[in-house]
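Peer 1: Attaching a single structure in structure tokens format; questions to follow.
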Amino acid sequence: MTKYVFVTGGVVSSLGKGIAAASLAAILESRGLKVTLLKLDPYINVDPGTMSPFQHGEVFVTEDGAETDLDLGHYERFISTKMRKANNFTTGQIYESVIRKERRGDYLGKTVQVIPHITNEIQAFIERGAASATCGEPDVAIVEIGGTVGDIESLPFLEAARQMSLRLGRNSACFVHLTLVPYVATAGELKTKPTQHSVQKLREIGILPHVLLCRADRRIPDDESKKISMFSNVPEDAVISVWDADSIYKIPQMLHDQGLDRIICEELKLSPKDADLSMWSELVEKLENPKHEVTIGMVGKYVDLTESYKSLIEALRHASLHTSTRVNIEYIDSEEIETNGVDSLKHLDAVLVPGGFGRRGTEGKIAAIRYARESKVPYLGICLGMQLAVIEFARDVVGLKQANSTEFDPETPERVVALITEWYDRDGKVETRTEESDLGGTMRLGSQRCPIKPGTMAEEIYGKDVNERHRHRYEVNNRFVPQLEAGGLIISARTPSEDLPEMMELPRSMHPWFVGVQFHPEFTSTPRDGHPLFKSFVEAALANKQARGVKA
């Protein structure tokens, strides 16, 4: 039977519940347990697909095409279990399901209320998510409850967790509470009062935490841990210090050294083998001892909030691990390029344009792409970054001066990039879209097979056909492909059913390393294995730096 660990947060948001949950999962997996994770989001949106990256950060896409919270990306990077739609759900989905049941008459005329109907539905979603784990029936399901204790939005989720713990019985569920212990510089000490109040708030709901994870900018002294233990009624050895680290991949070892996994296993009456965290130690060793160094410019419009590109940043870090190269990322606002030109790019070893939506900043990105192409600087374009690379090539090489995307200019006569109106989803079902379709849940989503053209750089990089994850509604227009290919551009991968361009590149006679992909390879990169495309990109950046005579 699956045991459950509920992870809650207190005092403030953004303390790192997702990293803490993923790190615990990694330790338990290293002990031979089958583990899955779920994220419960208390916002009313059905999913984060239409939410602003400035508010929500990155939208992580699962293999089966769900637009989910970025924490699911952390889950997949820390453990081997793949996430699915059922691993993330929101208040919006819960209420949508309950209202649909009420309309069908499932409640037989009863008054539908938060308790028991909403809380029962939350429990059903949790158990369904755990049961659908790709690892088979999990030994442990770690359930991260979004938001902060005390938020009105989180109350139904916390109540559902309390009820579920009671229903499952002793040693079947436990609670881990992540809280802030701030350092007050003027007083010169850590303050435990916010944590005391946070635990008190949790106890008012009827939840008694078994473990406290205390976030601080430094290790919490024993005296403060004793005080927290006394006031929160949590054993002293279960008051665990989680201080700031320069790499999230150090957190599993940090938590294991303080006995978190031992406490959880004892509480859940599990007796797995000892933990083997040698892989994490090796990763940290590689991170801290690189042999080379490169600087890559990421040109986008969400650069003030790097959470918008979380998986991409991590994929570059994974590539650094597997190439022994420290990757420094410079975030460059594409609108500043529109105003000030491309001088800010001239010291870079490579340029990357990530995915995105909307017209704002696109001409700055196109200017950056033109600079990379003409200056022979390695270039990687992802999703929108590929589309803009095709537009730049069409304008400046092929001579289609009005080339554009219908996303930015619906009336452009040279629709080099246009809306996909029909495609097959990963289950073989035909999907159709028009300009009038809803924004939410209407993109080409999830993992799709990409056959690669023999003799291309793409084949050198991947070595075989691949399955990559997608999130887009616009695509390179096949009507212009003959003109683009006549100019030298190579379409190096296409979808097997609809013949949609999936990868483009320039031949080495035109450029040493210039690649665009319609999919999002960052979603499948892990610290264990890296990703061949990002490894090749970092190697190209290193070669460019060395070719310029700069010490790498």
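The backbone N, Cα and C atoms fix where each Cβ goes, and this holds for glycine too.
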Peer 1: Ser14, Leu15, Gly16, Lys17, Gly18, Ile19 bind ATP in Swiss-Prot, but which of Asp64, Asp69, Asp71, Asp106 does that record place at the same site?
Peer 2: Asp71
Peer 1: For the CTP site that Swiss-Prot lists with Asp151, Ile152, Glu153, Lys191, Thr192, Lys193, Pro194, Thr195, Gln196, Lys227, give the additional residue from the candidates Ser13, Ser23, Ser30.
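Peer 2: According to Swiss-Prot, the candidate sharing the CTP site with Asp151, Ile152, Glu153, Lys191, Thr192, Lys193, Pro194, Thr195, Gln196, Lys227 is Ser13.
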Peer 1: Among Gly356, Gly361, Gly446, which residue shares the L-glutamine site with Leu384, Gly385, Met386, Gln387, Glu407, Arg473 according to Swiss-Prot?
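Peer 2: Swiss-Prot names Gly356 for this L-glutamine site.
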Peer 1: What is the interatomic distance between the Cα atoms of Gly356 (L-glutamine binding site) and Thr195 (UTP binding site), given in whole Å?
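Peer 2: On Cα coordinates alone, these residues lie 39 Å apart.
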Peer 1: Across the domain 'Glutamine amidotransferase type-1' (295-547), what does the pLDDT come to on average, as a whole number?
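Peer 2: 90, rounded to a whole number.
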Peer 1: With Leu384 (L-glutamine binding site) as the reference Cα, tell me which of the binding-site residues Leu15, Asp71, Ile152, Lys193, Lys227 is the closest one.
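Peer 2: Out of the listed candidates, the nearest Cα belongs to Asp71.
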Peer 1: List the same-chain residues at least 6 positions away in sequence whose Cβ sits under 8 Å from the Cβ of Ser13 (UTP binding site), in sequence order, or say none.
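Peer 2: Non-local contacts for Ser13 (UTP binding site): Gly147, Thr148.
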Peer 1: I'd like to know which of the recorded positions Ser14, Lys193, Thr195, His520, Glu522 sit within 10 A of Cys383 (active site, nucleophile) at the Cα level.
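Peer 2: Passing the 10 Å Cα cut: His520.
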Peer 1: Name the one residue among Leu15, Gly16, Gly18 whose Cα is closest in three-dimensional space to that of Gln196 (UTP binding site); these are the binding-site residues.
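Peer 2: Checking each of Leu15, Gly16, Gly18 against Gln196 (UTP binding site), the shortest Cα distance is to Leu15.
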Peer 1: Taking 10 A as the limit, how many CB atoms besides its own sit near the CB of Ile152 (CTP binding site)?
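Peer 2: Its Cβ shell of radius 10 Å holds 8 other Cβ atoms.
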